[in-house]
Every structure is written in C-alpha cells, then in structure tokens.
Amino acid sequence: MRFVPKIKCISCGNCFKCSCIHLSRKNKVENEIGKKLELDGIKDKLKMKILLLGSGESGKSTVLKQLKMIHKIEMTQAEIQDYIQSLRRNALQCMNILIEQVQVYQLEYSSEESKEKASLLQKLDDEESDESFTLDVADAINYLWKNEPAIKEVWDKRSEYWILDAADYYFDNVERFIQDDFEPTEEDFVMARIMTTGIIKTELNIKPLQFTVVDVGGQRNERRKWIHCFDDVNAIIFIANLSGYNTVLFEDQTQNRMMECLTLFGQIANNQAFQSTPIYLLFNKKDLFESKIRNESITVCEAFKDYNGPGDLNDCLNYVEKKFREQLKTQSDRLKVFHIAARFKRDIKTTWEDIVADIKNKNRKELESAIKELKARNELPQDIKL
C-alpha cells in the first residue's frame, strides 16, 4: 500500500482537506451581505408607501396627475398622444350618452340637421381608433351642444343617469381637441378621463424621503386587487367625490355614488390592516358641489336625508364630514380631512404639503434616527435634514 503524506493547512495545522479557507471566505461574504441588508433596512425606513383609494370617478387619478406635475415628472410623447385620444373619446362618449337619453325621455330634435348629426355620432364607437374622430364628428358634437334644446334638456337631468362630471368641459373644447396642432394644456391633462385599471405606482422624491403612491382602480371589479397593496402602508389618502351626492355609479346605475363612497370608506377605515394607519380624507370636487347645492339639496342622498340646515357650502360640508366620521368604529386623531377641487393645482399642492408634513411628524423619531445613521455611514450628505 502506497504511503500518502498528510499535508497540513498553514492556517490551522489541520488536514489540507479542511474548509477553513473556504469558511473564511464564506464568513466574509456573509458579513458583507449582512452589512448590505442592514444598510438597506435603514434606507427602507425613509421610504413611505401611500395608498390612494376611493370609488370610481372620485378624482384619484386627477390627484395623481397633479402630483406628477408638481414634482415635474415629464410625460412621454406616447402618454401625451394617449391623452389627446382620451379627450376626443371623452367628448364623443358623453355626447352619445346625451343622445341616448333623448331617446329614453322620448324627446324630439328641433331640426333635421340635429337629427342627422346625432345619427352620425351614434354610428361611431367611442373606443374606436383616433382616425374615426374627424372634423365632422367634432362639428356635430359642438353643434348639438350649442344649438339643440333636447340635448340641453337631458343635460339638466344628468343626475338621473351616468355621465362623466367633466362632460361640459369636453363639449366646450371639442373644436380645439380636433385641431392638427392641438397640444394639451395642464388643465386638459387634468380633465382627461382614463379609467384606472390594475395597480399604478408613482415615485415622488422629497429628499431624503421617497414616497410611493399606489393608485388602484376604483370601480367595483377593480377593488379585489386592493388587498395586494395592503402590506407596509404608511398612510391612506381616500378621495370622496362630494358632487356624487345626487348621481349614480358607472357600473351600477341604481346605486348612488355618495352612498357607495360612504360604505367603502367605512370598510377601509375599519379594516384590521389599517387600525393605526393615518387616513387623509380628501373631499374632492368642492367646486361642483357648491354649484349643485344651490339647485338641489343634499337631502336627495339617503345618507343625508335628515339634514335640515341651510344650503350654505360650509354647513353642508360640515354635515357630510360628520357622516363620514361616524363610519369610524373608534374615533381617533388618525383621520384628517381636506376640502379640495383637484382640478386646481394650488389645492393639491397645499394639501400634499400638509400631508407630507404630518407623515414626517408622525414618524419623526424613526426617520431622524435613520438619517443620523446614514450620515454616519456617509450614505447621506451631512447637511440634509428631515
């Protein structure tokens, strides 16, 4: 039998077959990974996740669009083109709804010209390609809106059926939308209606913090996706459409929008996952609400039928806010309320600044500790502050 000498390891004196060298390398790698995970954990404390919730057409996407513009997040040419097409489709869709209601109410057009233009529009699908939206189509929409009494009559009854809140904006601007050199303004971007489907995440940097705003579709069939976003939420922004007190849902034209919103708010606010989560309730479309209550009392909404106060804006707002607060099973200071018109950037800017400041204050101790640690590791500039 051949003798094979045992070779000793220089490091430990044991057999060379030992794994001390590999172990040393492994320990070094594990140590580096541990430090990296520790650093990532500290950085994660500066990341804030905000859920943007509300029922369909509450104005969630409008709020998000305003936030993007405030933070100067530029749109791609493809996105701009999508908005142009959406504005045109919005105008066609809304006029076809009015034409349909003329038939529902069995009204007669005042002229053959109106009848022909209505017939032209009815042949078109508002989801068709942009090429179908011609100058003749824009002219027909503009003509019916400005000249046809039957269209005006059903427009005045719009609380009895579903139509987009901004329909009159699309009609008033349809001639501009069809121009070859049309470039959407900031207001156009805000007013364009594109139904949110799926989950949309938007990153907003307010150094040293990073906010991730998660927008999920508000229609009933989209809400089942909400639960996938419930983990690690730092705050909820819930949008309620004030002007929905006398209108119906897109997906269920027997259900009042405000009643749906109240129920949904209660479900979110009392969800076990959010027992200690700050909620920022934004009553949106204050401008439309103020205009509506001059002509129709909030008592038309079942939830507000007991209201016996004046038709004054502030009194009505206070009553609506009271009804929403009553949805909370436990009263607490985690709910803050804002009254806004999301179409106006100034409203969103001041509201967002207040929300950010409140989130900072609620998490100040943990945030300042993380910032101090990151400065010590030279991961943040020394002059940066919360």
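Cβ coordinates are placed from backbone N, Cα and C, and glycine is handled just like the others.
As recorded in TrEMBL, the features of this protein are as follows:
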BINDING   57-62, 215-219, 284-287, Ala342  GTP binding site
BINDING   Ser61, Thr196  Mg(2+) binding site
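Annotated features taken from TrEMBL, shown on the structure.
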residue	record	DSSP (3 states)
Glu57	GTP binding site	coil
Asp215	GTP binding site	strand
Lys285	GTP binding site	coil
In the structure shown, with every protein chain counted, which of the binding-site residues Glu57, Asp215, Asp287 has the densest set of Cβ atoms within 10 angstroms of its Cβ? Glu57
Cβ neighbours of Lys285 (GTP binding site) where a neighbour is any other Cβ within 10 Å: 25
Across all the protein chains here, work out how many other Cβ atoms are within 10 Å of the Cβ of Gly59 (GTP binding site). 26
